[in-house]
C-alpha cells in the first residue's frame, strides 16, 4: 500500500511504504500522541515530533517514608513532660540599633534570636545526614519555646521574601531554632544630666507560660552568647558596652520565671548640643554685655538689644524642651539655659537702673539750680569730686561759676567739679549719714560707674558659673 502525503502542491507519494498493520499503528498514534512516548516503533520521518527523553529524577517510585515522625507524637506538651525542667539555651546576634527616642523613652533593635534544646521525639536515624533544615512551616507542627520580650511595645518577625525562620534538627534530637526579629522596647532613661548623660537600656527575654520548674532559660555561652556587628553606630550616641545577665522574675499569681537581659550602655555625643544649644546661649549672654559700652543716653539701642537677647534665649529654651519628654525634675541643660537667661535679663535691668538713676539725678540738680541760683559769693558751699564723665545738664550747671573755680581742660578729662549749696541748717545726724554713704553716692550719682562695674562683674560671674557647671556635669 502506498501512502500519499498532501503537500503544498497536492498529493505526493511518500518515499516509504507500510502494510495495513503499520497504517493502523500510524493512525492510532496521530490520534493520541502520548502513546508514542517510549514506543518500540516510531514512524520514519515523524520521530522528531514525538520522541521525548525521560527524566529519571522525576520518576516517583513511591511515597517516601518521613524521617521526622511528627504525626506520631503530641507536640502540645513540652519535651520530657513530667520530668525535670528542659534547658533551653539562647544566643543573640544584634544586627542593628535602629533608633533611640528620648520623647517616647524607647529603642528599636533588629537581632537574630536563636534557641537550642533537645527533643527526643524529633530524633531520626541517619548515617549520612548530619542535620535537616526546615523553614517556618514545620514550626507550627512541633513544640518550640514560648519566649517573649518583656516591656516590648512592638515587635515582628521579618517576612521578606519569606518568613525569616530557620529550624535545624539533628539526628540525636537537638534542635536549633533561629528567627530574625525587630523589636521596640521600653528604656527607663534618666535625663538629670542631659545632654551630658549616659543611658543604660535592657532587652529582656522570658518564657511566657513555663515557670523555672518546666523550662530553664540560660545564655548558651555566657557573655559570648551576645554578638554584635562592628558597624553598629548611632548619630547621637556612642555604644560603650554590651553585656548579658540573667535572674529570676517573680509574679505573685504564677510563680518564678527565668529572665535573660541584654544590657547596653550609650554615651551621648555632646558636639551636636554644643553647636545647637550651648554656643548660641553663650553668644546671647555675651551680646547682652555690649549694652554696657553703649552710651546710656542711647535708649533705643540699648532697649532693643536687651529685648532681642531675651527673646532669643526664650526661643532656644523652647526649642530644647520641644524635643524632650516633659519630666518633673531639672536637667543639666535647663540649669545652663536658665542661668544664661537670668544674665541676659539682668543686663536689661541694669540699664533700667542706670536710666532711672540718671533721671533722678538730673531732676535733683534742676531743683537745686532753681532753689539756689549760682553766685560767686555763695557761702557754706562744699566741693565734691566724682570720677566719670558728665552730661550736658551737669556742665551747664557750672555756667555761673568763675573760671577760677573750674579745673583746666587737662584735669577735666576724667573729673567734674560739682558745687552743691548745702543748707546751713543740716543736722549732724544727716552729715554722718552722708559720710557713711559716700561710696553709695559715688556709685549712684555717677551713672557711668554702674556700667563700668557691670563690664567686669557680669563676665567674671559667668566664667565662674561655667567652670562650676562643666566640672560638675562633665
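Every residue gets a Cβ built from N, Cα and C, even glycine.
A TrEMBL annotation is a machine prediction, not a hand-curated record.
Annotated by TrEMBL as transmembrane segment, the relevant range among 229-247, 248-266, 305-323 is 305-323.
Checking TrEMBL for transmembrane segment across the ranges 335-357, 358-380, 381-403, 404-426 points to 335-357. Long-range contacts of the transmembrane segment (305-323) within its own chain (CB-CB distance under 8 A, at least 6 residues past either end) are made by residues 102-103, 277, 280-281, 284-285, 287-288, 290-291, 294, 333, 337-338, 340-341, 344-345, 347-348, 351.
Only residues 6 or more beyond the boundaries of the transmembrane segment (456-473), in the same chain, are considered here, and those with a CB under 8 A from a CB of the stretch are 193, 196, 285, 289, 292, 332, 335-336, 339, 343, 346-347.
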